[in-house]
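Copied over from Swiss-Prot:
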COMPBIAS  1-16  compositional bias 'Low complexity'
COMPBIAS  609-632  compositional bias 'Low complexity'
COMPBIAS  646-657  compositional bias 'Low complexity'
CARBOHYD  ASN28  N-linked glycosylation site
CARBOHYD  ASN119  N-linked glycosylation site
CARBOHYD  ASN161  N-linked glycosylation site
CARBOHYD  ASN241  N-linked glycosylation site
CARBOHYD  ASN295  N-linked glycosylation site
CARBOHYD  ASN413  N-linked glycosylation site
MOD_RES   ALA2  N-acetylalanine
MOD_RES   SER601  phosphoserine
REGION    1-51  region 'Disordered'
REGION    609-670  region 'Disordered'
TOPO_DOM  376-390  topological domain 'Cytoplasmic'
TOPO_DOM  438-477  topological domain 'Cytoplasmic'
TOPO_DOM  524-670  topological domain 'Cytoplasmic'
TRANSMEM  355-375  transmembrane segment
TRANSMEM  391-411  transmembrane segment
TRANSMEM  417-437  transmembrane segment
TRANSMEM  478-498  transmembrane segment
TRANSMEM  503-523  transmembrane segment
Amino acid sequence: MAAAQEADGAGSAVVAAGGGSSGQVTSNGSVGRDPPAETQPQNPPPQPAPNAWQVIKGVLFRIFIIWAISSWFRRGPAPQDQAGPGGAPRVASRNLFPKDTLMNLHVYISEHEHFTDFNATSALFWEQQDLVYGDWTSGENSDGCYEHFAELDIPQSVQQNGSIYIHVYFTKSGFHPDPRQKALYRRLATVHMSRMINKYKRRRFQKTKNLLTGETEADPEMIKRAEDYGPVEVISHWHPNITINIVDDHTPWVKGSVPPPLDQYVKFDAVSGDYYPIIYFNDYWNLQKDYYPINESLASLPLRVSFCPLSLWRWQLYAAQSAKSPWNFLGDELYEQSDEEQDSVKVALLETNPYLLALTIIVSIVHSVFEFLAFKNDIQFWNSRQSLEGLSVRSVFFGVFQSFVVLLYILDNETNFVVQVSVFIGVLIDLWKITKVMDVRLDREHKVAGLLPRPTFQDKSTYVESSTKVYDDMAFRYLSWILFPLLGCYAVYSLLYLEHKGWYSWVLSMLYGFLLTFGFITMTPQLFINYKLKSVAHLPWRMLTYKALNTFIDDLFAFVIKMPVMYRIGCLRDDVVFFIYLYQRWIYRVDPTRVNEFGMSGEAPTAAAPVAEAPPAAGALSSAPSPTTTTEAAREEASTPPPSQAPQGPSSASEPQEAPPKPAEDKKRD
């Protein structure tokens, strides 16, 4: 189930990234003692992987980037005796706009990436005079921020998937950004930055239909576009908010020593060596769900541009968050999924109580430790396991079948490469477990197609000769009475009410959906074996404890971060199964000093086992019995009939004595 849940989360991310919804538009805000190996049995099938945990791992990765950048700043500026290209020492630069510089803001909107038409009044979107560099108290809300809203009349080229750019110029007071106005233009008094404000996103279309009727609920226009442009179409999308930040920073940067990703924003003048004020286009809080496609039905587009000062520390945070993923070589599909994961993080930051969010991040670190320990104990358990008593071997085979179904499903749905690799590794681990629960040999006499050796599978003797196989077969026979009718009902429902690409896709999606919904039932055979054996001594409780704790942490994530209802129900039902394990541990208590039904004990073996004491020989000296021993002996003598008179002699000491009967509690356990 772990791989199934992971692929389900990744698949939904890809579908969501495919199209933008014209939902409600929001304004762009600034947010601001370990048992021996032979006593450890098989664990139940893997639990569903927490999709929310993937989100938290993304947060931790970004925290690491921020820490790395902050660590660089704590080192102080680079030494000034570094040699430059010409052999001259590099010196620290300064900001071309000193503190409290009076400046003007000019914002132009254009279809062209390089803007030159300063005389076109239609291109001028916003002009703000007399701004003070480093002023944090002006503006409508006394926070140094200003904003401007207007409707943009878009040309036909933009309606037909063209690009649109925003060009921002900051000039010192009294100067103009147009280089053709020689008297009013100064190169060192003008800073310019431009950016494409529309965003191209992939919209995927899968041609599906009802396999019985041949009908589909897809939009006819979408079907036509899929026939014209193929299953993947790149469409321009729009978000009406963008923030222009000017960083209030006067750090003596040294050219060539600015660390990434900050180096792409710090621009140096080639002549003076000083750097221009840092302009940053901030769209971090623009959620993907608020983007909508641009088409010919839109004659105008709303645009709200905000201007705010930004501190150096917050700029480092935004730059680290916006840095490109190191996995960009894996394809653009990973970018789209990364955008969706970042949206989950942003929603959690905006909608979750800060204390609860901090607690969640702390617990997530504990989750990662438990996840690693559970995986390590699982591998160690199967690698060192010699006996299969008490283990459900059929559950291992069912896990392999389940992993193969998930792998074929994600391949059929073209999930991104990272998920495919992770699921494939899970399949290899499940296949390796088969070699630990069965004797696998290669028959080189009867080859497949006369070329490849034929693999043969045979049950291990420790499994066949024990009662575990009988109980395992019985458990799966009872389980089939439930699973097969449910599978048939789900197959009929999927065929009647759902759409599919073809019969192959229907089989995979039906099996995949069935495993997601009812796969937890396959955890019950181990419970049944425990019940029939009246023992849990064979279970690896350390690994089960790690998995149980992780499941409870999953519950926290599922209710803190937005998750589908079925995922939350899945976490709850896994909790129920673990509580049943705990209940069995309570009613089938294990005495660590008692040898269980498999001939194993929880105590470490000693060099010499204790033997029954023989009666002392005649004339031998013995110590006086303690009062407790005397009392117990008196009680035993009173509760047993007097033995028949036997001749006393030295030979009686060597006769074997009958072992005392087991207590009633031990009989009940047996």
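Glycine is no exception: its Cβ is also placed from the backbone N, Cα and C atoms.
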Integer Cα-Cα distance in angstrom, ASN119 (N-linked glycosylation site) to ASN241 (N-linked glycosylation site): 26
For ASN161 (N-linked glycosylation site), the same-chain residues 6+ apart in sequence with C-beta under 8 angstroms from its C-beta are VAL234, ILE235, SER236, ILE294
Rounded to the nearest angstrom, how far is the Cα of ASN295 (N-linked glycosylation site) from the Cα of ASN413 (N-linked glycosylation site)? 28
Please report how many Å separate the Cα atom of ASN295 (N-linked glycosylation site) from that of ASN241 (N-linked glycosylation site), as a whole number. 19
The transmembrane segment (391-411) touching the transmembrane segment (417-437) per 3+ Cβ pairs under 8 Å rule: yes
Mean predicted confidence [pLDDT] for the topological domain 'Cytoplasmic' (524-670): 58
Helix, strand or coil at ASN241 (N-linked glycosylation site), per DSSP? strand
Secondary-structure category, per DSSP, in which ASN413 (N-linked glycosylation site) falls: coil
For the topological domain 'Cytoplasmic' (376-390), residues assigned helix / strand / coil by DSSP: 9 helix, 0 strand, 6 coil
What kind of secondary structure is ASN119 (N-linked glycosylation site) part of, going by DSSP in three states? coil
Sequence-distant contacts of the topological domain 'Cytoplasmic' (438-477), meaning Cβ under 8 Å and at least 6 residues beyond its ends, amount to 386-394, 524-525, 528-529, 532-533, 598
